[in-house]
Structures are given as C-alpha cells and as structure tokens.
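Quick notes on the structure that follows.
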Amino acid sequence: MGTFCSVIKFENLQELKRLCHWGPIIALGVIAICSTMAMIDSVLWYWPLHTTGGSVNFIMLINWTVMILYNYFNAMFVGPGFVPLRWKPEISQDTMYLQYCKVCQAYKAPRSHHCRKCNRCVMKMDHHCPWINNCCGYQNHASFTLFLLLAPLGCIHAAFIFVMTMYTQLYNRLSFGWNTVKIDMSAARRDPLPIVPFGLAAFATTLFALGLALGTTIAVGMLFFIQMKIILRNKTSIESWIEEKAKDRIQYYQLDEVFVFPYDMGSRWRNFKQVFTWSGVPEGDGLEWPVREGCHQYSLTIEQLKQKADKRVRSVRYKVIEDYSGACCPLNKGIKTFFTSPCTEEPRIRLQKGEFILATRGLRYWLYGDKILDDSFIEDTQE
C-alpha cells in the first residue's frame, strides 16, 4: 500500500486534468475506435485461436495499441521538463547572454522558451502540442516521436484488416439482405466454419474506421517526417525558425557574417543519440548542451537577443481604437474576422481602447505581437 501511494501522488492526479481537453479526447477517441474495430474485425476475418497466422496477427494488433498508448501517455504525463523556478547560471557573468522570464522569475536556459499555455519555461522546447495537451521538449521528445512513428504503423495494420474484412464479407455474401443473412467472415479455413451476422451498421462502422486509419496515417506520418528531419539536425521547430530569421537578418542588413547552428554535432547518428537513448533518458540535464567546434554555449541565445532587438526596430506600433475581449472567435467583429481566426491555441490579448501593441507580423484581419507596457515605445504609432 505504501509503494502504491508513493507512485500515485497528488501531483500525479493533478496531471490527469490534461485529459480534459479537446486534443486528447479526439486522439484517444481515434485510437479507441480504430483499435476496437480492428480487434473485432480481426476475430471475424482471421480467427486467432486456430491458426498461427491468426494468432500472430492478433498479438501484433494488441502490441501496436499498447505501444501507441504507452508513448502517448509518456509524452503527455512525463512532459518536456521545465527550467527550475528562479534558475540562474552558475557563472553570474553569463546572465548577460540570457533573457529573463518575469513569470518564472528565472533566466531562460539555452534552448528553452516560455510557453504561454503551460505558463513555464520549457527545456529545449519544440512546440506546444494540443493533441497531448502539453509541450514537446527535452524529456518527452523521444516518446512523442515514437508515438508519431507507431500510430501510422498501427493504422496501416488496422486498415489492412478493415479492407480484408469488407472484402471477405462482400465476396462471401449470399444475398443483399443485410439484416437477415448470416455470412462467413473467416479467411482461415476451419471445420466447422463460423457463421456470424454482419449487418449494414457493422459495415458502415468498419468503413468509418478505415477512413480514420488512412487519415491518421497520412497526417501523423507527415508530422513524424518533420520531427525526424529536425532531430537528425539536432534542432527543434523553434530553432529552425530562429535559424531562418538569422539568415534573413544577415541578408537584410547585408552583414559580413555567417550564422552557424551551434548544436549540430556534424553527424546524424550523434544528433540522433541526443534524443534517443537505450535507457530512455535523453542526454544532458536540459540546461547545458554540447556544442560544435567554434561555437559556445550561448551562441544561439546571443542570436535571439539580436533578433529581439531587430524585431523591435522593424515592428510596427499600433494604437487600439476599439475594445477587444480576447475571444478566440469574436462574433462582434464581423463575419470575415470570425471565419479567418488563426488556427492556434495561443492566447488572444485582451485590449482596451487607447492601449498600444507592437505587431511583428500579421494577416488581413489579425495581428501577432505584444501589448506595449513601456511608455517609451508609444511614439510613432499607427491606428
């Protein structure tokens, strides 16, 4: 009993709230539908107890489901790892290279970024994923990527079972009476043959599950390809964007310098081992990272400081002329604004008439930026 209580703590139970979100609800719903229908159709199409092939097929199907759920919950509940509150580097002079987070009251460690959804500075933050309702970062990058690999593989297996089940059902059908005719759904030859009913509802459900499986294979497979591409370069999605902005800044100002990404070890295998290890624990402590020759620990953070200063120079300042509640899809701002709402979970900034914002980029009806709290930036504004 004592061991059980030591594993399940109040903090762990609090993490269960992550399930109460549209992302995990949809993701787990798709997994449940595809897995359940695949097991049912597998029993009907290829009975697992009488043949070796049927047993292997059924065991593999269960294996996919277990591994997918294991890595999914690992990515969700283990989390990315957060920079300790009030953290600062051991060498006090190094603080000049780092940004300070007022929310966490700590300096942002190299490769870390503050997540507005998690409200913490995340170590080696890649992105905030709504499907796991958590960030993908230092501690759960491997589990998240394995989930992206296993989900399409499991869906391909399930899709094959769905296709074979429907093919067998149609091939062996005796008439068009969906609700009255009993059909042999077994691909394995057995004596006596099992006769099971397969109605229109079962056929429609199998077809629906097939669509989910194929859609998941394409969508999640593309995400896996993107993740592996950045892992083999030892980057994150945010760092790829920082590198592009660095090249843009150098080109814009026509500077005589070359930006070198500091964390690329020069070998895809060495970059791969930074995330995937036999122990399951990623290398390092999430605060300090090995860098390539000619770079140092704060090369990327220095570039971020340059981009931040450049962003303020090149950004446009606007004056708010109408109150905005911060709603995700505001109906009172017009139909066009409502239907062109950005597809992102980033919080909208609540604004009042007379306030000022610093916009870094924008769409036709939406702007991305921050509210200006410092009066020194109020000059040269637009309405």
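Cβ coordinates come from backbone N, Cα and C, glycine included.
The domain 'Palmitoyltransferase DHHC' annotation in TrEMBL covers 96-242.
According to TrEMBL, the feature transmembrane segment maps to 25-47 (among others).
A Cβ distance under 8 Å defines the sequence-distant neighbours of the transmembrane segment (59-83), meaning residues of its chain 6+ beyond its ends; these are 12, 15, 18, 24, 27-28, 31, 35, 38-39, 42, 48, 101, 104, 106, 108-109, 112, 118, 120-126, 129, 132-141, 143-144, 146-147, 150-151, 153-154, 157-158, 161, 286-287. Residues annotated as transmembrane segment in TrEMBL: 59-83 (among others).
Per TrEMBL, transmembrane segment is recorded for 146-167 (among others).
Here TrEMBL flags 195-226 (among others) as transmembrane segment.
Break the domain 'Palmitoyltransferase DHHC' (96-242) down by DSSP state and the numbers are 71 helix, 20 strand, 56 coil.
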